[in-house]
């Protein structure tokens, strides 16, 4: 029974020394097969031993031991199998991790070969013998030939070919991650930052800048494809018509610690765009925004692409040269494009002249323009595209030509496959391999890849493989030539770094001069006073809060009571005018004694209705609304007295904040006030003191009303004339004349006459009631005869009660919460909004811009000085070119 654990232990030791690799030969068994056979032997041996043990020992005294061992037998077997299973899983995981890289390479090669075979087979149907009319070597043939050579080398054990394959694999790995960090002193990234700073200072200056690589070429030269091959993404708009109508200032930033590929549009304040279809769409819209009548614009589009797979470069893509204007294009388009390109081709910019191999260099628009801007060819790099369209010997002669010599030479690239990639060719059986593509291209993209992104990535890989296979196949022709996109990238990195490095000292001198001028202006105009948009905003908010604090001290209970009392006085006058002053029996109130109890009851009920209408008119909401409006109006007055009056953004924010704070307590305050005045709706108890105050207030109120009526009547009389007004009034008072002609009187004159009659009657009534109030109405007993006094007393009680709760529920809450809420909303404002607010004032805008210019110049000068200090310890940089 002890044989099974011992054999398992021996087996584990043997398996531990067994190599876990995948054998390609069918005659060699894998470790899994050996392990399975050994496990079978273990089980058979253990079973045989157990049976033998039971048969040979039949003693009754040993039955308990036998039974216990039989029971433990499954446990031993199960434990052994579990240990073996765990070991198998461990070895399988080790084997999978060992072969993962190899499988990935095989998968990439298989997919590319399937694509090439599909293209070759489809080409056999449409072309003669599978060869294109352009004379290119079919990609599938190149890949197949390369694969056959590799297999033959492996069978023969040729060490030289193995070394070549290792070099190619190493090149592929180096291409996957850009090595900008290892190039020279890695100064390009810092100098591109300086260039970006200088562009912020003055983007239109041709002197205050560092060199860039300016890409020029005709529309069919493959200019856009060269840029996309450097970036590794398709993002530039293409089309049969001219789609590049504005310069594209492209900045590539190497981010070694990031797996994302993102795009920024700094001038549009759009950042971290991961969808390059969106980038392409935006570039198309920005270019198409240029009117057809203008065709091209000098306003650049600023685009920054960040990735671990791009070098640190600063490029400018210009509109392609044309030979003949189209019918829908302006006649001066050719001249406009030439003038725009000349602006960017000036020193110290590097010129990247793109020319197609199938076009004679004598007709190259790019070389012609570069020769005009750089006669000696010291700043020009020639790039020859579409080398696969010509014979290798001719391609070599183009790259090594002496007719059009350039100091930096020519670089040959192939940026496209012989035929465009069709989606149906992405899979072996006509279907897009979505799963495999996702595994390849979604790495580092956090799930952002889609079918279109996969297609773009596949195009770049296939293009790179095609270029690599072509130059490898024709290696003997391009021995002494500079070819491949990788070589172009390396050359651009070195040249740009050297050019920028050489331009640092003269640029530093210019920056110092500009800084001195800016500092002098800043001192003269603003006395070196530091001001930021945020500090300007906070200073104005502090002034606003101080004004609100003063308003809080002035706006106490008496102010609130006067506002509410004035409104209720007007309501009292409206009630009196409606229910009393139009009553024909008003004269009866002046008699010493009413004729009957019925008449007395009539005036008593009339007073109750008037009082009820006053108390049930919605005092809660009326008083709350009046208080709210008074606060908002005073807040507007405070804003108008500060510098915020010129800033609509902050004025709206302050007003909306105040409205929200007041609205939060509006309904609860109105309900509280309404509940407090509820007893006055049923019974109003007046003391003699209240009556006396109300009587005096009523007299003053009637006097003011009488004064206003007399003033208005006198104004009409002066405007029309006393005699003419008397005639009109006499005519209107005679009712029989209303049915006849107007005797030449205008409609306006008749309206003035009607108003004068009304005012005359109202003055007589007010004079009559004023005498009544002065001579009588001395006590509450006469409240039915003196409704003016009674209603005035009621309004006074309503006002006093409402003010108590308005002061507590609304005012105190507003003055406490408004500054807090205002600060909270101000913190939510972004830097862009704060800067926009500050620049609404022209003087402040000038202050901030001049100060920002001074700070940017200081920052650029500091960075340049640090690079120059470091550069002194580095000699012979230009010798690496």
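Just so it is clear, glycine is given a Cβ too, placed from its N, Cα and C backbone atoms.
The topological domain 'Mitochondrial matrix' annotation in Swiss-Prot covers 60-72 and rests on sequence analysis. Residues annotated as domain 'Dynamin-type G' in Swiss-Prot: 207-505. The region 'G1 motif' feature in Swiss-Prot is assigned to 217-224; the stated evidence is sequence analysis. Under the heading GTP binding site, Swiss-Prot lists 220, 221, 222, 223, 224, 225, 239, 386, 388, 415. The Mg(2+) binding site annotation in Swiss-Prot covers 224, 244, 317. Look at Swiss-Prot and you will find 385-388 tagged as region 'G4 motif', backed by sequence analysis. Summarising the annotation, Swiss-Prot assigns disulfide bond to 777-786 and lists experimental evidence as the type of evidence. According to Swiss-Prot, the feature domain 'GED' maps to 780-872.
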Using a 10 Å radius around each Cβ and all protein chains in view, which of these binding-site residues has the most neighbours: 220, 244?
244
Taking the Cβ of residue 224 (GTP binding site) as reference, which residues of that chain separated by at least 6 in sequence fall under 8 Å from it?
236, 238, 244, 317
If you draw a 10 Å sphere around the Cβ of residue 777 (disulfide bond), how many other Cβ atoms fall inside it, taking every protein chain shown into account?
23
According to DSSP, does residue 786 (disulfide bond) fall in a helix, a strand, or coil?
coil
Going by C-beta under 8 A and a gap of 6 or more residues, the same-chain neighbours of residue 222 (GTP binding site) are 354, 356, 385, 386, 415, 416
Where residue 777 (disulfide bond) and residue 220 (GTP binding site) are concerned, what is their Cα separation in Å, rounded?
104
Just jot down the residues in the same chain as residue 786 (disulfide bond), at least 6 apart in sequence, with C-beta under 8 A of its C-beta; none if empty.
695, 698, 772, 773, 776, 777
Could you put numbers on the helix, strand and coil content of the region 'G1 motif' (217-224), residue by residue per DSSP?
2 helix, 1 strand, 5 coil
So, three-state DSSP: helix, strand or coil for residue 388 (GTP binding site)?
helix
Taking the mean position of the Cβ atoms of 224, 244, 317 as the Mg(2+) site, which residues outside that list, in the same chain, have a Cβ no more than 8 Å away, listed in sequence order?
215, 223, 227, 236, 237, 243, 248, 318, 319, 320
Work out the three-state DSSP category of residue 244 (Mg(2+) binding site).
coil
